[in-house]
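Listed in TrEMBL:
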- 1-29: region 'Disordered' (REGION)
- 17-26: compositional bias 'Low complexity' (COMPBIAS)
- 185-219: repeat 'PPR' (REPEAT)
- 220-255: repeat 'PPR' (REPEAT)
- 256-290: repeat 'PPR' (REPEAT)
- 291-325: repeat 'PPR' (REPEAT)
- 361-395: repeat 'PPR' (REPEAT)
- 431-465: repeat 'PPR' (REPEAT)
- 466-500: repeat 'PPR' (REPEAT)
């Protein structure tokens, strides 16, 4: 069965759209994806997150109606009645007749003795259907103050206010629930997790889930399908999804069509084609009938590698099952053809989409344009763009961004700038995604003037840079050998809370070292080290060599001390020799002990250099004596030349004391040889 409006989130609250396209797009904000063609999948409805039919006024008993997804067999469900009592009706009348409806507390307080929790929950439903979210917030606040809440109150409030509250506020609200029994309610927990995941805070949701289980939560299949939906949005989400599936099975819960739908979507978003096919076949083997959501997910997995033969067979199988390909299916198939290089077939399918009124927005045009542009067929891509403009297709600017990038790759900078001006005139606005697209294009082309003009435009429009902006600029400045400017950009990036990737940091560290910007290189190293990202072991040795070259020996010592096992013996030896000669004399003994503790065998040359340093500063005699006393216990003895040097200068340290220390060393040396 075909959906009427595949992209309508309003009609299908539980549908999310994802994509594996890497093209930047202003559609990200609309569809919550990375651009390109979306695929959709079903979410399960929990009893405490039911769709409510519009209620113009609470004047009679009204019911909550369960939304049944397309292609799913309808089951008879008992409706949950919302009865409007006299008190609730009276409260609403008072609220509506207030001179100012900015504060509803006075109306509620007037009827406080007669208002039950059920009354208040029904009033909350009324506010939700009339989209008066400020009233919902005031009502809930009053309910908290008057201790008139139940689990349903919290669950409904979290669902209704999901778009108004950020993840920390939602988490704070959950933690404020006074009774642990209520906090362990699976329906409430599912609502909380779902809201947090919708705010793209998957890590927070997983940590909360683990805490919920420790506190007594018994998760159900809705819990797992909710968490699986979050795996779609994160990088490398498949391993985490696999853990959740294994945990679900360990808890004796069975995978159903909703779980399979979420799993297939995760596989598609992570380019796991074989895994997607495995779960699709397993689903059918277990007796579940795939619907358009399952087919669209598997089709999207085929699009990652442009496997049009399998995609065509899948669509035919779908038709044999009595399912009619909808807008999402056909648009995803278009992406498969484009990825497979079948541009003529792609044009034919685009014509079919237009005949079905499925090409009223820019997405299918953009899919074909992007493929043509990346294949070097710039004029063909431009003709599709012109056709789209001629047909007055709805656009958010994604088509402009594709063509601007394409023109810049082809070094057609004049056309790129003209199109950028056309975008500004057409939409009378710039968003961050578009500016990043232009910035990337100009940087790739080496158009410094255009780069700076774009940055000035961002500043003028008060558009704050994001991770992509900083990443683009740092790479560009490195390419132009403006390494200190790249460093300052990375500093700004770090101060804004964005964590640079290791590859970029490593490259910048190397180049800063080449231009003798040693302290700046170490600063970048620390940014990476203290971030949550992993570090390649070779990077520790790279920064050590830079610090030694720059004579930043105290910092070099910290690197060796923390990462000795990741640094080669030649690099360690070079550091040790330089430190013995030029490092802080007060740290010489500490360095030698640290090296020994890390398994580095200290040779006589290092001891001789250390002794010479101490002989040059007689006031450090205690450090020399401490070193000489430490050596025998670790199997070290000064050689004859160093011993003679010490004896020659023993008057500086006390002849008798030096003689005793060296005598003990000699005795230990003979004992070791005889042993």
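Cβ coordinates are placed from backbone N, Cα and C, and glycine is handled just like the others.
Where the annotation comes from TrEMBL, it is an automatic prediction and has not been curated.
Taken residue by residue, the repeat 'PPR' (431-465) breaks down under DSSP into 27 helix, 0 strand, 8 coil. Using DSSP to sort the residues of the repeat 'PPR' (291-325) gives these counts of helix, strand and coil: 27 helix, 0 strand, 8 coil. Each residue of the repeat 'PPR' (361-395) gets a DSSP state, and the totals for helix, strand and coil are 25 helix, 2 strand, 8 coil. Secondary structure counts, DSSP: the repeat 'PPR' (220-255) has 25 helix, 0 strand, 11 coil. Within the repeat 'PPR' (466-500), the DSSP-based counts of helix, strand and coil residues read 26 helix, 0 strand, 9 coil.
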